[in-house]
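In what follows, a structure is listed as structure tokens, so that the remarks can point back to it.
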Amino acid sequence: MCSAQPQQQQPGAQSPPSMNEELSLELQPTAASSKTTPSPAVKSEEDHILNVSDIEHEHGNGGDLTPLNIIKYILSLAILVFSIVITISLIFNKSTNLSSDVSPWLALCVLFGAIIWLGIMEGQQASLVGLTGVVDHLVYKDTHPIAYKHIQLAYWGNNLDRYVNGRQFLVVLMVFVINLCGAPLPGSEDSFGLPDIIQEIFLGSGLAMILMTAMISQLPPQVNASHCMIDFINNYFALFTLYTALVVEFLGVCHVCYLVQNIISLISGKPIKTNEEPRTLFQSIFFWVRVLLSLTIVCFSMAVTMVALFQGKTTMWDGVPDVVSLILFFILTAIVGMLEAMQIAFLATSKMRKEHRGTSFFGKKTVEAISKGQNLPAFFIGRQLMVVSCFFILARVTTLDVPVGEGQNIFGVSDGVQAFLNSGLHAALLMTVVGSSTWKLAASAYPVAFVNTPFTYVLLYLGLFLDWIGICSGAWILARIEKRIMNLQLDETYVGTPENPVLSKDALDSIMAESIMASADALDVIDGPPQAHEAEDAEEEHTTADIEKGTSVAKSAN
């Protein structure tokens, strides 16, 4: 099994690997670049308040309250309230999987607990990935101590990649729990007496659960955390989530993603950047054992899915040919993967200057579009709709529909194993690895490359269009409410902008020292080194003494 040789760097906990390099590129004043490179300026408090106010107006949630936007908000929130009401009614009628076995109140608590935790994970990922840009984290060490602990842990070694990997499995698990708590049992749709078309749209297709999960749990945290990263992670619940994701990653269920990461590195010829020392023999054995275990599980899940597709044993809609289902599986998986990678790439480059982000024709257009006003959070809303829609179809494609106990089990497995496969957990793990984590790890390693692809440009505008439609416009209102409750402030309030960053005393002292050294070097080039000056002075004194001595001798002779 081949793997790329990692590019080793010294481990550090103060900042992500690329932050110092980017700081030196953007902030270091030298004799040659002092005229073109912006330097941090000392601003008055009034100027700083005006600057942050302008930024807040630019990134204000939801846009102007035009009549069209107001209609979108009202209709979207009305659909959300309807979805919540019928979901809670299903729970108290014991018409969901969990509520049929336990108390409806317990099922309701588990449902909203999973929704809240999923929201923390969505916003936390946006924060941790977004803060990998040019940010001096010491600036908010005293004002946001918990957020600073986040950064110390997440940016130590390769923990950020570990977090992304473990978190994605937790997200799939939370979505599974939410569906377990609120998805209707077969035949329970008729208990509401609603028109058939309404029941099919909201209950039969699962739209009620999709809208409730997306608009409450996923979109508001993503909207707020896209610009309020520091405040969002300044709490112990988010810190607990970080520790949990790292523990889940340690178990190794999704370690096959690292194998794919190594393959990408070999193909591209770019070494995998790492902040850790080379693994010891024991660490290497333990790592590759988990990779092989994860690869075995994923291969088995893929084989089960392919066999079920060719035998027509999935929950795909009647009348769709098996070949079409197979093609849809690969196409939709690629689209979901690109959408997941775009989220990571946009956040990872959000604190970089525009000319460093867009390096191609489509990349420049993408950066120009994503930098306008509220386009970044707007894309997150449209992107989430695309991801949910793709996952809904993929769930139909990959979920097994095999009667247990009739001798039709896939690969002849036991009835217990077939019942487990029918639950769809194997498909959830497959989609976590193939359609999400692998793409995220690739985007985390090469974010600028993903920003500059033409597919990114096309999907960006498709996401913005879906946000404009307005079915999830209520998320803007919920994001505003969440922002006020959590008292979230823009990151620029604390760390400034990439063009005019706020720097700590340590960073300023370092830049000042480098500036003095650069100025001294420049003087050496013009006037020569100090030793040369001393030699010249000594020679001049010696010549003067010789002249004076010669003059004295001449006078004596006369």
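Heads up, the Cβ atoms here are built off N, Cα and C, so glycines get one too.
If you look up TrEMBL, you'll see 1-45 (among others) marked as region 'Disordered'.
Feature annotation from TrEMBL assigns compositional bias 'Low complexity' to 1-18.
Summarising the annotation, TrEMBL assigns compositional bias 'Polar residues' to 30-39.
The transmembrane segment annotation in TrEMBL covers 70-92 (among others).
Within the chain, the transmembrane segment (104-121) has long-range Cβ neighbours (under 8 A, six or more residues past its boundaries) at 87-88, 91-92, 94, 96, 98, 167, 170-171, 174-175, 177-178, 181-182, 212-213, 216-218, 220-221, 237-238, 241, 245. As annotated by TrEMBL, transmembrane segment applies to 104-121 (among others).
For the transmembrane segment (168-185), the residues of the chain that approach it from at least six positions outside its boundaries are 87, 90-91, 95-100, 107-108, 110-111, 114-115, 117-118, 121-122, 203, 206, 208-209, 212-213, 217, 241, 244-245, 248-249, 253-254, 424-425, 428-429, 431-432, 436-437, 440, judged by C-beta separation under 8 angstroms. Per TrEMBL, the feature transmembrane segment maps to 168-185 (among others).
Marked as transmembrane segment by TrEMBL: 197-216 (among others).
TrEMBL lists 236-264 (among others) with the feature transmembrane segment.
Taken from TrEMBL, the feature transmembrane segment covers 285-311 (among others). A Cβ distance under 8 Å defines the sequence-distant neighbours of the transmembrane segment (285-311), meaning residues of its chain 6+ beyond its ends; these are 1, 251-259, 279, 322, 325-326, 329, 397-398, 400, 402, 410-411, 421, 426-427, 429-430, 433-434.
Beyond its flanks by at least six residues, the transmembrane segment (323-348) meets 125-126, 129-130, 132-133, 164, 226, 305-306, 309-310, 314, 316, 370, 376, 379-380, 383, 386-387, 390-391, 393-394, 397-398, 431, 434-436, 438-440, 442-444, 447-448, 450-451, 455-456, 459-460, 463 of its own chain at Cβ-Cβ distances under 8 Å. According to TrEMBL, the feature transmembrane segment maps to 323-348 (among others).
What TrEMBL records for 419-439 (among others) is transmembrane segment.
For 459-479 (among others), the entry in TrEMBL reads transmembrane segment.
For 527-558 (among others), the entry in TrEMBL reads region 'Disordered'.
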Folded-back contacts onto the transmembrane segment (197-216), same chain, C-beta under 8 angstroms, at least six residues removed: 76, 79-80, 82-84, 86-87, 115, 118-119, 175, 178-179, 182-184, 188-190, 384-385, 388, 392, 471-472, 474-475, 478
Among the ranges 70-92, 236-264, 459-479, the one whose Cβ pairs under 8 Å to the transmembrane segment (419-439) are most numerous: 236-264
